[in-house]
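Quick notes on the structure that follows.
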């Protein structure tokens, strides 16, 4: 029936799996780009100093032009032009067509100030980006940075392999019978020719891998959603955001259970399938 557990989970799973696909696709691109030293551009102290010098020069120009505007306003106030300015249509025409000798063109200077302020904002953001890149370069030279760099290459290759296998499975309508951990251990044991209890260790390693996938994926989801909710939240929308977060977490959990079956040994995969139904 339409209210059966299979129908409900299948409909929730469609949305949840789509959400997981979007997030995992973003993570598959963002994680190597963040941690791999291959994508780091070369930033030196001279580049940062040159950009900071441009920023300081721009700020000095802004201060100088604002000072000219303030001096011009003070001169107009002293001459009584502020209080005795003519009103009405003809007064406005007269103020535009006539000018006082030696007076500043305040509107033109204000436009220059606005343009310089926009330039200063861009220079500040670029300076902050260079500092962040310099910190990433320093971090990549540490032991932890080299470790993450290796993981970036490893998961990039793993991602390409998963895309290739998923494409083959879709085209030829295949369903995997062996989880990746068991298959990898079998290939390693056969290649090295050592005695190893594949069934026993593949179960434990599969459960550890599944646990890591669940914890890291949910952590990444919460971090991403927290940044998004901080950007759009307000005192009126807080309750709606909490309800939306609960709905997303529920769909995410159901989808994780559906997709985790492919990473588990066959006997445990059968148990989950019996609970969820023939999905």
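Heads up, the Cβ atoms here are built off N, Cα and C, so glycines get one too.
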Scan 150-172, 173-195 against TrEMBL and say which stretch is down as transmembrane segment.
150-172
Range annotated as transmembrane segment - as stated in TrEMBL, picked from 114-134, 240-260:
240-260
Can you say which of 85-108, 205-228 is given as transmembrane segment in TrEMBL?
205-228
In terms of Cβ proximity under 8 Å, which residues at least six beyond the ends of the transmembrane segment (150-172) contact it?
28, 31-32, 35-36
